[in-house]
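Asker: Straight from Swiss-Prot, here's the annotation block:
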type: BINDING; residues: His61, His63, His137, Asp207; note: Zn(2+) 1 binding site
type: BINDING; residues: Asp65, His66, Asp207, His263; note: Zn(2+) 2 binding site
type: ACT_SITE; residues: Asp65; note: active site, proton acceptor
Amino acid sequence: MLQVIFLGSGGIMPTRERNVPAIALRYKGEIILFDVGEGTIRQMNSAKLSPMRVEKIFITHFHGDHYLGLGGLIQTMNLWNREKPLHIYGPKYTFEFVQNFLNSGFFRPGFEVHVHELGETRLKFKDYEIWSFKVEHGIPALGYVFKEKDKRGKFLPEKLAQYGLRPGPILGKLEKDGKIEWNGQVIRLEDVTGPRRRGVKVVYTGDTEPCERVRLFAERADLLIHDATYLSDGDRGDSYHSTVEEACETARRAKVKLLALFHRAFRYTYDEYLSGASKICQETGVNFVIPRDFDVLTYKSGEWKRENLLEEGK
């Protein structure tokens, strides 16, 4: 099971209803943060997410609404006597900005902070990978892909029966080693399992104009969290952001399962934005959501379920 928790769903500045961008991805007990806008630690407290479970932070770019919560988050970790290292990833200048935080005031963390400046790369971890790709925002900026590793196919009862295998330690050994000797023959894992199952894929663009790289990296994503700051091109002006229509078109072309319209400009109320976005997305046939603060998208058995932590009283 994987969960995407929207700690801050607004853009540019906080409002009474929405905080600035911060997204937590919860997977197998780990919390991965994508952007840490001002007040992220408070949002985590409200969502009952422990900062001590955060091992990796991925920052898309260094406009204040996407990273100013980093200092408070690190200091809170220190107050809680954190010992394990923290890894911070981001575009060019990440090292400089993080060092500025660490050198400000009378504060030194009691744990290691490792900074990684990225271009376009693929980071491999135990059960998943993180891919970074360049987006168009007028400054060094990255989008990110979380890609769970593909899983083995399910054991096929008829194949197990064919080889005289039953559930138990022997199947555990087969899964671990990839093959076993049984009744005088070698049985491989693929002999008794179905097709490999594709791991879940989540893409976050950060702030960006429409660009072909997003479509390429979002191909067949289960969830695309796309900058959709404005309802219309006329509202955009000279900013390096996307409209709802542009986000929908990217999702349609990339054959995305679910589109999350993110970074809504503070000029729009939720109802106003929902009304306008619904018309646009329905015309393109895109399945979409407009996240609010503390919305949770849970991916299980190939489907997304949406709930809100505060409304559910969790």
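Yeah, the Cβs are placed from backbone N, Cα and C, and that goes for glycine too.
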Asker: What's the CA-CA gap between His263 (Zn(2+) 2 binding site) and Asp207 (Zn(2+) 1 binding site) in angstrom, rounded?
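Answerer: Here the two Cα atoms are 8 Å apart.
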Asker: To test your reading of the Zn(2+) 2 site: which residues beyond Asp65, His66, Asp207, His263, same chain only, put their Cβ within 8 Å of the Cβ centroid of those residues?
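Answerer: Near the Zn(2+) 2 site, beyond Asp65, His66, Asp207, His263, sit Gly11, Ile12, Val20, Pro21, Asp35, Gly37, Thr60, His61, His63, Gly206, Asp227.
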Asker: Using the centroid of the Cβ atoms of His61, His63, His137, Asp207 as reference, list every other same-chain residue with Cβ within 8 Å of it (recorded Zn(2+) 1 site), in sequence order.
Answerer: Thr60, Phe62, His66, Gly138, Ile139, Ala141, Gly206, Thr208, Tyr240
Asker: Going along the chain, which residues six or more apart from Asp207 (Zn(2+) 1 binding site) have their CB under 8 A from its CB?
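Answerer: The answer is Gly11, Thr60, His61, His63, His66, Val135, His137, Ala141, Asp227, Thr229, Tyr240, His241, His263.
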Asker: Which of these binding-site residues has the least crowded Cβ, counting other Cβ atoms within 10 Å: His63, His66?
Answerer: His63
Asker: Which three-state DSSP class does His66 (Zn(2+) 2 binding site) fall into?
Answerer: helix
Asker: So for Asp65 (Zn(2+) 2 binding site), how many other CB atoms are inside 10 Å of its CB?
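Answerer: Result for Asp65 (Zn(2+) 2 binding site): 22 neighbouring Cβ atoms inside 10 Å.
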